[in-house]
Every structure is written in C-alpha cells, then in structure tokens.
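J.: This structure is in structure tokens; I'll ask about it shortly.
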Amino acid sequence: MSTGLRERAAAELARTRQRSVGLTDAVDDDDLVRQHSRLMSPLVWDLAHVGNQEELWLVRDVGGREPVRADIDQLYDAFKHPRGERPALPLLSPAQARAYVREVREKVLDLLDTVELEGRPLVEQGFAFGMIIQHEQQHDETMLATHQLRVGEPVLVAEPPPRSRAIVAGEALIPGGPFEMGTSLEPWALDNERPAHPVDVPPFFLDRAPVTNAMYQAFIDAGGYGDPRWWSADGWAHRQEAGLSGPAHWHGDGTYTRFGRREPIVGDEPVVHVDWYEASAYAAWAGRRLPTEAEWEKAARFDPATGRSRRFPWGDDDPTPEHANLGQRHLSPAPAGAYPAGASPAGVHQLMGDVWEWTSSPLYGYPGFRAFPYREYSEVFFGDDYRVLRGGSFGTDAAACRGTFRNWDYPIRRQIFSGFRCARDPRPGELAD
Ligand code: AVJ
Ligand code: FE
C-alpha cells in the first residue's frame, strides 16, 4: 500500500471518528445507555461495537497483535444479541467505551504506518481499512436514526439544506439495453457489490426526483391509507396492525418532528421514514411502480455517450457538497432541484443522498458472488425477506456510499432514512418513432 493510501486511510479514520464522537458526546451518560427504541441499540453499544470490529479486523487480523479486550467480543457481536436485548447486557460504561475505542485506534494508527500490506486480499488497496471506515460510518447513520427516535430536547445542530435551484419534475426515459451492474474494480466496494456483470434492462421511465412530501400528502388526502386496492395483502395487514396513517414522525396536522424539533412539513422535500409497503402503495395509487434494483443502478451509472457504467450519476469524481446531500452536513433531505450538479446524463436528480430509495428487489448475491471477508456482512441476509435500498441519505457518509452500494431492510421498517421514487414501463407505442 502506497504512502498515499496510508494517509488517506488515516484521514478517513480520523474524520469518521469525529462524527462518532459528535453523535455520542451530544447526549449525557443516561441517554447513552438507554434504549430509545426496541429497534435500536443504546448509543454506547454502537460506539463500543465499532471499536470491537476495528479491533477484530485491524488490530488482530491485519496487525497480528494481541487482543485489547478479547473478553468483550461476544457482547458486541450483533448476531449473539438482538438489539432489544442489548441494554440488559453488562456493557462497557460510556467512559469505558470511550477509553476502549481510543486504545484500539492508537494501535491501529501505529500499525497503519508499518504493517505489510502486500499479498493478502484483505489488505490489498487498503480494503480492510476501507471496510472498517465504512462500518463505522454505517453505525454513525444508525446512531443518527437513534437520535431521530430519541425523545427529549434537541441536541444536534446543522446548517439547513440548500434551496431548490432547478425545477425538477416528471420523468426521464432510460434507454433499453445491457449495462454493467456492480463492480470488480472499486477498491473499497463490499462483497455484495461484486462482481461486475452485464444486465439487460428494457427501456423504462423513472421519476427525475424522489417523491416529495407534497406528493405523498396527496396520496394521504386521497384516502390512500384506507383503500386496500393500493396495498399488497402483507402490506395491508401491516398497515392495519401497526395503525399506520402517514410517514413516521408526521403528526397529521401538517407538522413532523425531526431530531426533537416539531416543524411545518416542507412540501418539496423528499418524503422520508416510509416503509416498503407504503412506498409500493403510493406507486400503485399513482399508476406506477417501484424501480427494480437493476433499473435504479442503470439510471444512476449508465452513460449513454460511452456505454460505460460510472461510479456516480455525475461521473467518476467523489461526491462534493455540490453533488449530493450526504454526510450529515444537514439534518434533513434537501428539496427537489437542490443538486443540479449531481444529475445523471438523462436528467435524473438526487439519486445519491437525501433519502435511501426503496427498490422492488429482494437482496441476493450477484452471479459469481463470493462472501468476503465474512458471511455475516451480507450473505446471511440473502433471500426474499429483505428489500434493497439505494443511493444513501443525508445521514450517509460519502465513504459508505456509491452508485453500486446496496443497503437492505425488512419491508416494514421505516426508522431508517427511507424514501423512494417511482418508475413505469413505456405504454404500447410510446417509444415508436
Ligand atoms: C448494510 C446497513 C444493512 O446496519 O445492519 C453494520 C451495515 N453491518 N454492521 C446494518 C452493518 C454490520 C448494515 N446495513
Ligand atoms: Fe456493525
């Protein structure tokens, strides 16, 4: 690994830790050890879990060093204890967790300068460091979701998102034909994004912006939550059992609560905190459907000028604040039209950032998938139980998101920053010229 890569890894580790510290220093110790929702861990669990994964992979495996705290591995193994059980475990206290993650990090920075990094797939191009940076960033988004569920005085502050700078409405035609899905080259891509493979995607239309709060309100006003015609059988059963009447955190009077602040709903911002059933019901009501995962990725990556799949809708450059609402710079999605520089060649906006976008697809491995470096990152989740989300949210860091990145959750979940956009097939004769 070159000096450049080592420096980049060190810088990304430091930048990431700053966010973890910000999210955990924002509340007091009582708040850190408390469970704000059965769906979430206490924040102090996330913090020590991040340190434990870093210890397992970087200190012990890559570095070949002695364990820092082998006795706590099972407490922070996400598969040993479901989230609901975590507050009752003999967890490290906030002070102990902070000291633990600092000690692990010191060892990692020490070994990063000197460790042999050739000849092992785990370390080639700094993969293990990239994996651990992304893991911490993923938990930073999880911790942000916990903050959204937390009851109490607001503690997080950020600049408001940029205003709309372009009118973005209607749909774009994505041309039919094969494109390359996934990646074999992106150095820090995770196992489920690999390998690159051709997929034939027939022509389809995709919304140029995510579905907004005003659009979603029209579905509510039209009685969408009371009409089983728009819902699948499972979706309708869940809507009734859970008593859903609108997105999570909406109060039904034109306001919602964001990170402890009750505010008027902004009509042109993408709707967030809807589950897959709600997104699918909206689409059915609108005479549309959710895009498949392959359609979403083709819209986000395919460059018709060259026939090549790029890293992002705007090209191969890493995201900047001009391209996308990522990285917790803002504490909400930005209005449709806020990121003209991030649009795709076909004129599809805000595919990256703002809200995770539900697709119709369940999570499976690509042809030729190989679990790496551990089955529990993604392979154990393959199957029909989960749906794939794409594109990242305002809470997702650029290091943990790209055109190939795949997220997933159960179709009933909406504690994540989940929204959607709609697609449709061409009507008969519509594309004939
Ligand atoms: C890829 C976001 C579904 O948070 O459950 C974190 C990421 N994996 N620690 C999750 C993850 C292990 C994962 N998601
Ligand atoms: Fe984890």
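One is the number of the first residue shown, and numbering goes on along the chain from there.
For all residues, glycine too, the Cβ spot is worked out from N, Cα and C.
TrEMBL lists these features:
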DOMAIN    13-143  domain 'DinB-like'
BINDING   His49, His135, His139  Fe cation binding site
BINDING   Arg83, Gly84, Glu85, Arg86, Asp409, Arg413  gamma-L-glutamyl-L-cysteine binding site
DOMAIN    171-424  domain 'Sulfatase-modifying factor enzyme-like'
COMPBIAS  332-342  compositional bias 'Low complexity'
J.: What does DSSP assign Gly84 (gamma-L-glutamyl-L-cysteine binding site), in three states?
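T.: Assignment for Gly84 (gamma-L-glutamyl-L-cysteine binding site) reads helix.
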J.: By a simple count, how many Cβ atoms lie within 10 Å of the Cβ of Glu85 (gamma-L-glutamyl-L-cysteine binding site), its own Cβ left out?
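T.: So the Cβ neighbour count for Glu85 (gamma-L-glutamyl-L-cysteine binding site) comes to 12.
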J.: According to DSSP, which of helix, strand or coil covers His139 (Fe cation binding site)?
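T.: The three-state answer is helix.
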J.: In terms of Cα spacing, which of the binding-site residues His49, His135, His139 are within 10 angstroms of Asp409 (gamma-L-glutamyl-L-cysteine binding site)?
T.: none
J.: Helix, strand or coil at Arg413 (gamma-L-glutamyl-L-cysteine binding site), per DSSP?
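T.: It is coil.
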J.: Quick one, of the binding-site residues Arg83, Arg86, which Cβ has the fewest other Cβ within 10 Å?
T.: Arg83
J.: Could you give the number of helix, strand and coil residues in the compositional bias 'Low complexity' (332-342) as assigned by DSSP?
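T.: Per DSSP, the residues of the compositional bias 'Low complexity' (332-342) fall into 3 helix, 0 strand, 8 coil.
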J.: For the domain 'Sulfatase-modifying factor enzyme-like' (171-424), would you mind checking the mean pLDDT of the predicted model?
T.: 98
J.: Could you check the binding-site residues His135, His139 and say which one's CB has the most other CB atoms within 10 Å?
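T.: Answer by Cβ density within 10 Å: His139.
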